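As recorded in TrEMBL, the features of this protein are as follows:
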| type | residues | note |
| --- | --- | --- |
| TRANSMEM | 12-31 | transmembrane segment |
| DOMAIN | 57-410 | domain 'Ammonium transporter AmtB-like' |
| TRANSMEM | 65-83 | transmembrane segment |
| TRANSMEM | 90-113 | transmembrane segment |
| TRANSMEM | 125-143 | transmembrane segment |
| TRANSMEM | 150-169 | transmembrane segment |
| TRANSMEM | 181-198 | transmembrane segment |
| TRANSMEM | 219-241 | transmembrane segment |
| TRANSMEM | 307-324 | transmembrane segment |
| TRANSMEM | 345-364 | transmembrane segment |
| TRANSMEM | 389-409 | transmembrane segment |
Amino acid sequence: MPEHNAASRLRLSGLCFLLQILIILLFAVFVRYSPESSSSLCSPQLNCSRRHQDSGFQHPRFRDVHLQVLLGFGLLVAFLGRYGPGSVPISILIVSFTIQWAILIQGFLFFFLNGKIYAGAQSMFSADFCTTAILISTGAVLGRVNPVQMLLLALLEVILCSLNEYILLGLMGVSDSGRSLTVHTFGAYFGLMVSRILHQPRMDKKREEQQDVRHQPDVFAVVGTIYLWIFWPSFTSATTLHDNAEPWAVLNTYFSLVASTMATFILSPVLYEETIPRMVQIQDATLAGVAVMGMAGEMLVTPFGALIAGFLAGLISLLGFRFFTPVLCSRLKIQDTCGVHNVHGLPGILGALLGTLLTLLATADTFGDRLELVFPLVAEGSRTAAGQAFFQLCALPLTLLLAVLGGCLTG
């Protein structure tokens with residue numbers, strides 16, 4: 001047994017060493033600072049319409065997004081009695097590796113020019129988004145894979161997640177500022193498919209028998225939920241192009257949060273015979289509320305529309321845990337440790353469908369000056385609102401296809 005433990009430690013240490021050396025070499029060859037001061041380097045690959053975000057590096061918003069990725073998701077799994085304590089350092093390991101790897105992979109797709117990757121604030125934001133998708137996926141397989149396998153999952157998923165984002169945002173011109181599709185939906189179903197492929201009847205039965213269903217003190221869920229409330233609106237609006245376009249995404253996210261939380265207090269006593277929901281349920285409702293506003297947040301959802309969407313997301317999340325999770329486990333043989341299907345997958349799909357409907361309203365009369373920011377192709381006349389809605393709708397099955405195939409391959 002000691003020899004086995006030593007071998008496990010050395011495998012993780014050796015893999016980390018090899019990956020870090022590889023990344024350092026690739027950075028040395030390809031990565032340079034973004035040339036935002038030089039207009040002569042403007043090109044479609046550098047996505048120059050967003051280069052002004054590098055000015056001043058937008059420190060407050062960048063800090064908020066980074067804190068959300070690093071602390072928020074680490075605390076969201078800390079409440080699990082058996083897996084929580086070990087999952088937090090693994091989450092930090094995944095963040096550390098994925099940010100570096102995502103800057104390289106996404107750099108070749110979005111920020112590559114003259115043989116170099118130009119890294120700036122926008123590339124860091126994109127890397128944080130990709131890291132969030134990987135952390136969502138790890139929530140589905142938590143307790144079933146070791147740290148080495150977690151790193152390998154991140155290694156492959158970053159490539160597929162970046163490819164999905166490039167196809168949707170770069171080639172199809174889909175608007176998904178808060179990442180309902182490219183983060184929440186992709187991360188959830190990628191992780192679920194990995195979990196399905198890893199299904200081993202004897203091992204899974206043994207894990208269920210050993211599973212510690214008790215939770216750590218609710219302080220972890222409390223702090224994690226507070227982080228979501230404070231920092232996720234910045235996460236949703238991080239890619240908003242101009243400050244005057246920010247309030248819609250921020251306000252809509254807050255409206256969705258409060259409504260999804262109220263839904264928990266309404267439905268939880270009915271489903272679980274509890275007067276007051278557990279803090280973990282409120283945490284899940286908060287995640288569902290922000291996921292549903294990922295695509296529609298900067299669109300004309302209106303305040304009451306955001307309340308309705310958040311309320312539905314909160315209901316769907318609770319109903320999913322109560323009725324759909326047992327079906328996933330018993331019928332489909334998918335063990336979803338952290339319930340990512342209910343708090344990211346289903347709300348992400350709902351958010352994508354809502355965004356598609358709102359795209360039909362994308363006219364100069366309804367959006368005003370924001371039309372150029374949210375739907376530039378519609379504003380310039382190269383695409384109609386109905387055509388844009390068609391691409392928004394097609395993005396959903398495409399994301400699910402890439403997530404399912406990628407999850408099967410990785411599993």
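The backbone N, Cα and C atoms fix where each Cβ goes, and this holds for glycine too.
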Let me know the model's mean pLDDT on the domain 'Ammonium transporter AmtB-like' (57-410).
85
Beyond the flanks of the transmembrane segment (150-169) by at least 6 residues, Cβ under 8 Å:
12, 15-16, 19, 90, 93-94, 97-98, 101-102, 105-106, 109-110, 126, 129-130, 133-134, 137-138, 141, 176, 181-182, 186-187, 190, 194, 395, 398-399, 402-403, 406, 409-410
Per the definition of 3+ C-beta pairs under 8 A with sequence separation of 6 or more, do the transmembrane segment (219-241) and the transmembrane segment (90-113) touch?
no
Mind checking which residues of the chain, 6+ beyond the ends of the transmembrane segment (181-198), have their Cβ under 8 Å from one of its Cβ atoms?
129-130, 132-141, 144-145, 153, 157, 160-161, 164-165, 168-169, 174, 291, 294-295, 328, 332-336, 340-341, 344-345, 347-349, 351-352, 395-396, 399-400, 402-404, 406-408, 410-411
